[in-house]
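Straight from TrEMBL, the features:
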- Arg75: pyridoxal 5'-phosphate binding site (BINDING)
- Arg97, Ser98, Gln105, Arg313: substrate binding site (BINDING)
- Arg271, Arg398, Lys463: tRNA binding site (BINDING)
- Lys284: N6-(pyridoxal phosphate)lysine (MOD_RES)
Amino acid sequence: MNRESFAAGERLVSAAYVRQGCEARRSHEHLIRLLLEKGKCPEDGWDESTLELFLHELAIMDSNNFLGNCGVGEREGRVASALVARRHYRFIHGIGRSGDISAVQPKAAGSSLLNKITNSLVLDIIKLAGVPTVTNCFVVPMATGMSLTLCFLTLRHKRPKAKYIIWPRIDQKSCFKSMITAGFEPVVIENVLEGDELRTDLKAVEAKVRELGPDSILCVHSTTSCFAPRVPDRLEELAVICANYGIPHIVNNAYGVQASKCMHLIQQGARVGRIDAFVQSLDKNFMVPVGGAIIAGFNDSFIQEISKMYPGRASASPSLDVLITLLSLGSNGYKKLLKERKEMFLCLSSQLKKLSESYNERLLHTPHNPISLAMTLKTLGEHQDRAVTQLGSMLFTRQVSGARVVPLGSVQTVSGHTFRGFMSHTNNYPCAYLNAAAAIGLKTQDVDLFIKRLDKCLKTVRKEQNKESNASGVDNYDKTEDVGIEDMALKLDNVLLDTYQNSS
């Protein structure tokens, strides 16, 4: 309602009451105006009524929501299901145009404005999280792997002779496939063991650059966030190597926004050397549904080139999800989540260390990894490999998600390349281990329940390993807890164990 509408309302209801309602609306509009003027995440989160007013105002700017619209094209924002339309707040046209994912659509001013505001808010949050000199970013409706591929394809036009990508090993399939999909040959650089940590072999990276020649190398593809005992790559040193040899540098920062250490590495790498772009997941860092990523960098023109490489229009869903989330949280709310995550990391580390020592195991010393932890699994008996995988299946059937066990000697072939010791980021790590991560949104009750269930599963595995016959499938897990899932767990343990061994 505008002023004329409120004035008309005064003929029906007391003018004092109408003016009060008008002032209330102005308070909502004031928040929206500040957002559009500053393009920054508000300090305090918005209430749902302000959010829905804002989204409604944007949606009615799109042509598919015009009252008198007559569309005779092939793509006019028609939706068969009203439920689908409501799910998307009637933003049907998506974002971008055929030549640029960041371009404005003439018949979708509201969606275009939504896209611009989302990119602006995300840029503000990246600066807040620890990379203040970032110049540009955009949300792309693809997960991290395909977003990395988009970066590599953009570099192809700049380096037509390039054939290889230098890649310090991390055992995660999507980042490896991102290079294969882009049509390049990954050159795997094995990590070096320093104490318990797996770290970047800088000498091997530079030797390979000299061997292949800088012109034949598309880029160095490094990683920040990762599973312990691997730790973030030595980004500063890699950035210096890239600057010295004139080689682009793309960073996989999948879930690194939530970790100040990862963001500091990116900031320092850009300060002392070269980082062309860094890619991060929306779902892992902002607690939204899977399907989006942020591509950011320090050279505005290069980030624009990447956005223009995306073919066709794109879904607005990831942008809409992160916009709603950031406006709901506000910058203070997001900073609070980051602070709580650090506290949960210390909590998880403390409890996992205590539990490991009670079983004559230990928490691996990985101080350079700010998110992931690893506990050794050395004392599970003579059939250790089977016991390790059994522990993993038991945790899964007891609804412990995210934790993963890493046995010794696993071999996996990914896109024609064989990785030995797969999942451990090296050919021969000294021991099997279990991973757990303190990611954003983790609560104290999650840690407590995980430790309790892990404790009981370890006791069960040990008892079974000590029996003379492996035929017994008895599980002494305490049935006073989780009674509803225990019968299912007992039946699924051996099935999942066999499946895991056959797949590996």
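Each Cβ is built from the backbone N, Cα and C atoms, and glycine gets one as well.
Because TrEMBL annotations are produced automatically, they should be read as predictions rather than curated entries.
In this structure, the C-alpha atom of Arg271 (tRNA binding site) lies 26 angstrom from that of the residue listed as 'N6-(pyridoxal phosphate)lysine'. Note on proximity: among Arg75, Arg97, Ser98, Lys284, the recorded positions of the record, the Cα nearest Lys463 (tRNA binding site) is that of Lys284.
The number of other Cβ atoms within 10 Å of the Cβ belonging to Arg313 (substrate binding site), over all protein chains shown, comes to 21. If you count neighbouring Cβ atoms within 10 Å for each of the recorded positions Arg97, Lys284, the highest count belongs to Lys284. Here the Cα atom of the residue listed as 'N6-(pyridoxal phosphate)lysine' is found 23 Å from that of Arg398 (tRNA binding site). Listed in sequence order, the residues of the same chain lying 6 or more apart from Arg75 (pyridoxal 5'-phosphate binding site) and placing their CB within less than 8 Å of its CB are His93.
Taking the binding-site residues Ser98, Gln105 in turn, the residue surrounded by the fewest other Cβ atoms inside 10 Å of its Cβ turns out to be Ser98. Compute the center of the Cβ atoms of Arg97, Ser98, Gln105, Arg313, which mark the site for substrate; besides them, the chain residues with Cβ within 8 Å of that center are Gly94, Ile95, Gly96, Gly99, Asp100, Ala103, Gly312.
Arg97 (substrate binding site) and Arg398 (tRNA binding site) have their C-alpha atoms 47 Å apart, to the nearest angstrom.
Most Cβ neighbours within 10 Å, among the binding-site residues Arg271, Arg398, Lys463: Arg398 holds that distinction in the structure as shown. Separating the Cα atoms of Gln105 (substrate binding site) and Arg398 (tRNA binding site) is a whole-number distance of 49 Å. Of all residue pairs in Arg97, Ser98, Gln105, Arg313, the annotated binders of substrate, the farthest apart have Cα atoms separated by 10 Å.
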